[in-house]
């Protein structure tokens, strides 16, 4: 049985959309029947609101974002019967809690690290074969997808993607980590972990997308 890490944008797991949270819970149960499964949840718009109200220290803003992401992870775990109800707060706790049987759901771990990076750290720790990034866009594009003429990239190397994202002039700010940050890509490269990017707004489609490998973009290590 292969091991899968599913990264879910915090936008899709929030107290403002119970049906979407419940939809993800059903998706996790479906995936668990075929894969050993760990899940990493972002902070989303709730985290960004708290971060806006936080003191100017980026470290403190990160801490607030981490706490919100853990709360989102706990919310999802409560809706998912096969999930552990304890949210790890460190890499060592991930190792202690991981058994390959129950679904392990994780939020943020430490300041300066996006939940995309956390997903790759978790993937390293549990020996995952693949990270699936269920995000707010359906794929990686050759320029910001909001711009006219943006073209979908079917496959791209992690190092090439890092250069591409740098050309977009996106900044890694607390609560504003875009698509995939450099730490996540470096971990993917060093541990040879592929990342599949898909649209996460329709969780009921994710099991078939994974089964058919119908990725928006496949990021190769």
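Even glycines carry a Cβ here, placed using N, Cα and C.
Look at Swiss-Prot and you will find 7, 8, 9, 10, 11, 44, 48, 135, 141 tagged as ATP binding site, backed by sequence analysis. Taken from Swiss-Prot, the feature UMP binding site applies to 43, 62, 109, 110, 111, 112, 113, 114, 115.
Recorded features from Swiss-Prot, shown on the structure.
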residue	record	DSSP (3 states)
7	ATP binding site	strand
43	UMP binding site	coil
48	ATP binding site	helix
109	UMP binding site	coil
115	UMP binding site	helix
141	ATP binding site	strand
**Study point:** Largest tally of Cβ atoms lying within 10 Å of a Cβ, found at which of the binding-site residues 43, 111
**Key:** 43
Point to revise | Protein Cβ atoms within 10 Å of residue 7 (ATP binding site), excluding its own | key: 29
**Study point:** residue 115 (UMP binding site) CB neighbourhood, other CB atoms within 10 A
**Key:** 30
Study note, to complete from the structure: Of 43, 109, 111, 113, 115, the binding-site residues lying within 10 angstroms (C-alpha) of residue 7 (ATP binding site) are 115
Practice item. Show which residues of the chain containing residue 11 (ATP binding site), separated from it by at least 6 in sequence, have their CB under 8 Å from its CB. Key: 42, 44, 45, 136, 200
Check your understanding: Residues with Cβ closer than 8 Å to the Cβ of residue 9 (ATP binding site), same chain and 6+ apart in sequence?
Key -> 42, 44, 134, 135, 136, 200
Practice item. Name, in the order they occur in the sequence, the residues of the same chain whose CB lies under 8 A from the CB of residue 113 (UMP binding site) and which sit 6 or more residues away. Key: 62, 121, 183
**Study point:** residue 109 (UMP binding site), number of other Cβ atoms within 10 Å
**Key:** 21
**Study point:** Additional residues around UMP, ordered along the sequence, whose Cβ is within 8 Å of the centroid of 43, 62, 109, 110, 111, 112, 113, 114, 115
**Key:** 65, 66, 108, 117, 118
Exercise for review: Take the Cβ of residue 141 (ATP binding site) and count every other Cβ within 10 Å, whichever protein chain it belongs to.
Suggested key: 20
Point to revise | Inter-residue C-alpha distance, residue 48 (ATP binding site) and residue 111 (UMP binding site) (nearest angstrom) | key: 15
Study note, to complete from the structure: Cβ neighbour count (10 Å, all chains) around residue 48 (ATP binding site) is 18
